[in-house]
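Have a look at the structure below, then the notes.
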Amino acid sequence: MKRVMLFLATNLAVVLVLSVVLNIVYAVTGMQPGSLSGLLVMAAVFGFGGSFISLMMSKKMALRSVGGMVIESPRNETEHWLMETVSRQSQQVGIGMPTVAIYDSPDINAFATGAKRNDSLVAVSTGLLHNMTRDEAEAVLAHEVSHIANGDMVTMTLMQGVVNTFVIFLSRFIANIVASNDNEEEGGSNMMVYFGVSMVLELVFGFLASFITMWYSRHREFHADADAAHLVGKEKMIAALERLKVSHEPQLEGSMMAFGINGKKSLTELLMSHPPLDKRIASLRNM
């Protein structure tokens, strides 16, 4: 969960910064934002650019945000077990050994991130290591390794890029119409109105688009649960999810939230990056 929220937050920040830059370019160069083909190309460049910048930064930002400590050389039996388990599961699914890190948190959680299947990160909380049995922790690790093997981070990036493109395009298209009507008597667009309307619409459309990205995130969680069940057995995966039902609510942020094993509760399931635990457990029982 922490993974997704960090990705989304970083992506939003990058897109907003690029949006400001784009508006400045319009103002300085005198380019007309009304050209649909040019606007669409520009929206795609900035939309996908924001997503891929977020993806490339995800590993370092995730470690920094949680204060994760990378295991270079295992110092105790728990770290040995953690490295051996991730290594074995990675070999089973055919990916390179991820960087493994531990971060200090009472939450029972873990997340994976990274731009490449063979250059990724798996991080687990001290709360998970202290409160889960080895079988349960093994299932959680299998869930995260499955996210990496399935290329979920890249797929999420592509989806976010498409969403960003349409958000930028629609907001500027509508803003151009509003600005033109507002200043029709002067025969030109009111750039201040254009800037203001486009920025507000980006925030509104970005929020609405989050329903799409959260739907995909929930869909991906079911697949990661099923793949983890195939790796370690569905009873271990069910036991891990049952443990999460009585755990603390996680405090992961942004993009990391989406790729964690456990997600925050929301007022509506439509805004949740993870399906309700009961639904995930029921899905596993029906396998």
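Please read every residue number as a count from 1 along the shown chain.
Cβ atoms are placed via backbone N, Cα and C, with glycine included.
Listed in Swiss-Prot for this protein:
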TRANSMEM  4-24  transmembrane segment
TRANSMEM  36-56  transmembrane segment
BINDING   HIS143, HIS147, GLU221  Zn(2+) binding site
ACT_SITE  GLU144  active site
TRANSMEM  158-178  transmembrane segment
TRANSMEM  192-212  transmembrane segment
Distance from GLU221 (Zn(2+) binding site) back to GLU144 (active site), taken between C-alpha atoms, in Å: 10
Other C-beta atoms that fall within 10 angstroms of the C-beta of GLU221 (Zn(2+) binding site): 27
C-beta crowding around the residue listed as 'active site', within 10 angstroms: 27
